[in-house]
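Engineer: In case it's useful when we look at the structure, here is the feature table from TrEMBL:
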| type | residues | note |
| --- | --- | --- |
| TRANSMEM | 12-34 | transmembrane segment |
| TRANSMEM | 54-74 | transmembrane segment |
| TRANSMEM | 94-122 | transmembrane segment |
| TRANSMEM | 134-158 | transmembrane segment |
| TRANSMEM | 170-189 | transmembrane segment |
| TRANSMEM | 240-261 | transmembrane segment |
Amino acid sequence: MKLFIYLIKRTLTNPYLLFWSIAFVTFFIVMGAFLESKSIPDVEEARQIYVSTWFGVVILLSFSASSVTTSSIVSYHTGGLPHLFRFSRMTPLYFVVSIVLSNLVVIGVIGAYMLIAVYGMFSYAFSSPFPPNDLIMCILTIFLSGLFFSSMSLFLGILSSKLNRGMSRFVDFLPLILGYLFGYAYLYVNFGSLVYVSPFNSIELLGESAYSGKGAPLDFAKASVQIAMNNNNYVQASDLLMSLSLLVWFMLIVIADVFLVRRLYLNPLEEGKVA
């Protein structure tokens, strides 16, 4: 329990998380609500999809940024874990569970903020309320996102602890890089069924689907044109398949996490700093 509480406090008060996950993404929301929204036609369906898409994008970006913070914390403390496993009551399983649960709380807090921010700013910008249509699905999406990013953060944190300083920083930032890459690529590239393979796109589309209450379009660019012409017959992604995809990714990565934690060797922190 002490480790669980420590990780929550350490992560939520981390200045990098507060900037990249909260402040920077809030700036993106402001841009989307008050600047880019001016090009959206005065069509209810088009505006609903636009707001929902922004929710999907911002939760992906904010969760990816928070994953960088968690990964860095894990990497920083990995050197002392072999001693703790040997001379204290801490076990590898307890460590993994604490990381996952604490990150779920952190992502839950960030997700709640993003939900309120998107609703408030876009409703004000359009002078019309645009609340989430499926709040339960929004909560489920945040939960599944938390499972994936917590397991991924732990995996990358342990991996980066075994690398030199330059590669370690790159590995820590990998979730953020992939989040921006896949998040914005979906808006312009037709991935088709590949969205079910990509956990990043699955999170983005689940967020969009949850907020709009309708299935997210597989081909966003094509669907945007159709909706602007009052044609809503676009191909929708399957929420069930995307949810199952995230669960499979979580189970695979968390198994790898437990394996890596058990095989940790003594790697002094000073070695990682000067390598």
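Every residue gets a Cβ built from N, Cα and C, even glycine.
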Engineer: What else in the chain is close to the transmembrane segment (54-74), if you only count residues 6 or more beyond its ends and a Cβ gap under 8 Å?
Structural biologist: 7, 10-11, 14, 16-17, 20-22, 24-25, 28-29, 32-33, 99, 103, 106-107, 110-111, 114-115, 117-118, 122, 132, 141-142, 145-146, 149-150, 152-154, 156-158, 160-161, 171-173, 175-176, 178-180, 182-184, 187, 200, 203-211, 216
Engineer: For the transmembrane segment (134-158), which stretch among 12-34, 94-122, 170-189, 240-261 has the most Cβ pairs under 8 A?
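Structural biologist: Top-ranked stretch among 12-34, 94-122, 170-189, 240-261: 94-122.
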